[in-house]
Amino acid sequence: MKRAVLFAFFSTASVLGMLWLSSFGTVNYSLSEIFGIFLGDSSGPASSIYVNLRLPRLLVAFLIGSGLAVGGNGLQLTLKNPLADPYIIGISAGASFGAVLSLFLRDVGRISLNMNLLAFVFALFSSFLTYAISRRGGRIPITTLVLSGVIVSFLFNAAVTFLVVFAWRNVITLHFWSLGSLSGVTWDDFLKLLPVIVLQYALFTIIRRRMIIMAAGEEHAMTVGVHPERIKFLVFFTVSIVSAIAVSTAGLIGFVGLVIPHMVRLAFGTDSKLNLPATAIFGGLFLVVCDTIARTLFQPTELPIGAVTALVGAPVFIYLLRSREVANDG
């Protein structure tokens, strides 16, 4: 009951908080002006800026943050590893390479291939490559997973750098794909992301009980009729799709899938029915906060949003890695 009340309070506060955060920028709005825009009582250039620029950016940030957080939640359960995250295990780097490759082929080779499709193919390839490298006798040791993810990320990041610097020579594009930005997102991006994020959430809701059973041990899971490899494939496949579209839209944004599931576990527990919805909501809110900091802290200059998420995520990553090492040594 206490957790349900806490969830309801934070959910309501999150919605109001996002509206408040959307008021800041090169053009500032009062909350009354924002509510007036939603109610149709306001018009003019300021209203147009909010509806066509500020609002889609807010919603896209929420969807990407939600999708990455839910994806990290699923990876951590199925791999029994609290450090599993699309960014850390190389999925995002693979998606980034696929997206840049599609642009390179279009501009240099005059070959038109769908960006989202190529990003997905390489995201899926990188996820299974990391999984194959880190698997040891049916287990995935935590340090091995991290090192494997770092290796795969270095591989794809080096390939992106080669394409951009030596063949494309567009350093601004390299900056975007390396550190991420939500500048310039539109309602089309929102409509592209919405069904994918909703489907990921729906799928993880359906298979969540099986993922929790897997977290207790794959041998136990098989005795109760759960097929671990099928669940892993579903999770990798879905997270790869979400990562591909997120990267195609906003570039590399790391640590969301690491920080948020960990914080939600502390607040609501792993087995709670509130865990997944809380992860989705707080993941979205986290990225909205980071994007607000990125676009307002040194305005009119905009910080890369990936740099902001890394400032928060890197200390959490170090803490989790150290705490696991201490537990293993003990």
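Yeah, the Cβs are placed from backbone N, Cα and C, and that goes for glycine too.
Annotation comment: TrEMBL describes 56-75 (among others) as transmembrane segment. Residues of the same chain lying 6 or more positions beyond the ends of the transmembrane segment (56-75) and with a Cβ under 8 Å from any Cβ of it are 18, 21-22, 81, 84-87, 89, 182-183, 185-187, 189-190, 193-194, 196-197, 200-201, 204, 211, 235, 238-239, 242-243, 246, 249-250, 253, 256-258, 260-261, 264, 275-276, 279-288, 290-291, 305.
Taken from TrEMBL, the feature transmembrane segment applies to 87-105 (among others).
Annotated transmembrane segment per TrEMBL: 111-133 (among others), in sequence order.
Sequence-distant contacts of the transmembrane segment (145-170), counting only residues of its own chain at least 6 positions beyond either end whose CB sits under 8 Å from a CB of the stretch, comprise 79, 81, 83-84, 87-90, 92-94, 96-97, 100-101, 103-104, 107-108, 122, 126, 129-130, 133-134, 177-178, 321. What TrEMBL records for 145-170 (among others) is transmembrane segment.
Annotation comment: TrEMBL describes 190-207 (among others) as transmembrane segment.
Annotation comment: TrEMBL describes 233-260 (among others) as transmembrane segment.
Look at TrEMBL and you will find 280-298 (among others) tagged as transmembrane segment.
Residues or ranges marked as transmembrane segment in TrEMBL: 305-321 (among others).
The transmembrane segment (305-321) makes no contact with the transmembrane segment (111-133): fewer than 3 of their CB pairs lie within 8 A, with pairs spaced 6 or more apart in sequence. When Cβ-Cβ distances below 8 Å are used as the criterion, the transmembrane segment (111-133) is approached by residues 89-99, 101-103, 105, 140, 144-145, 148-149, 151-152, 156, 192, 232, 236-237, 239-241, 243-245, 247-248 of the same chain, each at least six residues removed from its ends.
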